[in-house]
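First up is the structure itself, then whatever we jot down about it.
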Amino acid sequence: MNARAAARAIDALRRGWPVEVRGANGALVLLAVEAADDVTLAGFDPHGQADILLSAARAQTLHLSNQRAAADPEAPVLVRREPWIGYDLAMALADPVRDLATPLKGPFRAIPLGAPQAAAAALRLARLAGVLPAFFVGDESVVPEASVAADAVALYGAGEALAIATRARLPVKVAENSEIVAFRSADDPREHIALVIGNRDGTVPVVRLHSECLTGDVLGSLKCDCGPQLHRAMHQIAEGRWGILLYLRQEGRGIGLINKLRAYALQDQGFDTVDANVRLGFAIDARDFSVAAQMLKLLHVPSIRLLTNNPAKVAGLEGEGIAVVERLPLAIAANPHNAHYLDTKRDRTGHQL
Ligand SMILES: Nc1nc2c(ncn2[C@@H]2O[C@H](COP(=O)(O)OP(=O)(O)OP(=O)(O)O)[C@@H](O)[C@H]2O)c(=O)[nH]1
Ligand SMILES: [Zn+2]
């Protein structure tokens, strides 16, 4: 039930329909800035008074957030709707890719927020929907298309109701004796998969936890190391006795494909991968690895040897009861396009080699 409400809210939000988010200290009716236009905004907010909800990270770039808010990049900040803020300017507030082309002139003012829990859940909902974390906040007369409790948003996508949907033999280049296992959850449309490589025996398997990267995995992008890491990991698993590739549909470290491509546009402007996420208003890494732990449990794999340079993956799995008996590094030689990205991962997000 909860999951259904969250799914409806995500769908409504992407379509530019008003969504109500209910929290312990009040509810908010919201319209995603990105999915709106002049016409839908006029219907939602006929008097031009809807304030704008942003995340602290974005507000900080706009010099709007205070110290406390800045500690949590996804904390909510409410910006007062001035009479001169029309749809286009609101969109410019939401989308940092436009910052250099059209530097924003204020003054914008942050104002107290009535329903902080609902507002924080709304920002999370935006990330799940893959839209920019920015909303118009409507008044009570607006009838929402969907309504969701903040608690339901918090649980969404954590793998609570995950189950194995089907499995089949899948011979692949690196190992003819592989099996693909597909997972499905009532609370999340993303279909994660596991590729079990080799013949399962009593030994601790080598596991790679890979987050989807359409540009790297499929298109051969040179901007990141995802494609080579994926292939190297599959080879390494195939060389051992047996192992598992968990392919998680967490594109762009959990911010979705379109927001990742916005981060790339910001990188074209000179920001690194960390600052790009923050300018968009997201956490540096929005992934939740509990779904991977769920998958391993469904495969009856309690302990693993994990191929990763990312200590957060080890901690995420161990926190969910999977024993990581060994971390195996997965280093890829840099190219001129991803050298800076790899340095940033080492220097700013704690990746080890
Ligand atoms: N937001 C964002 N995501 C990116 C960027 N570059 C790559 N990604 C995403 O980062 C994820 C790659 O993560 P992984 O390779 O699984 O993990 P990792 O955190 O680098 O850790 P390793 O296990 O050491 O590789 C994929 O979801 C990519 O789409 C970027 O510049 N911005
Ligand atoms: Zn990538």
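The backbone N, Cα and C atoms fix where each Cβ goes, glycine too.
Residues Arg208, Leu209, His210, Ser211, Glu212, Glu251, Gly252, Arg253, Thr273, Thr308, Lys313 are given by TrEMBL as GTP binders; from Gln117, Gln229, that same site also lists Gln229. For ligand 1, no neighbouring recorded positions occur among Arg208, Asp285, Arg287, by Cβ distance under 6 Å.
Same-chain neighbours of the Zn(2+) site beyond Cys213, Cys224, Cys226, judged by a C-beta within 8 angstroms of the site's C-beta center, are, in sequence order, Thr215, Gly216, Asp217, Ser221, Lys223, Asp225, Gly227, Gln229.
Counting only same-chain residues at least 6 apart in sequence, those with a Cβ under 8 Å from the Cβ of Asp285 (active site, proton acceptor) are Arg253, Gly254, Asn277, Ala312, Thr349. Checked against ligand 2, the recorded positions Arg208, Cys213, Arg287, Thr308 give Cys213 as the ones with a Cβ under 6 Å from it, listed in sequence order. Comparing CA positions across the binding-site residues Cys213, Cys224, Cys226, the one lying closest to Glu251 (GTP binding site) turns out to be Cys213. Note on proximity: among Arg208, His210, Arg287, Thr308, the recorded positions of the record, the Cα nearest Cys226 (Zn(2+) binding site) is that of His210.
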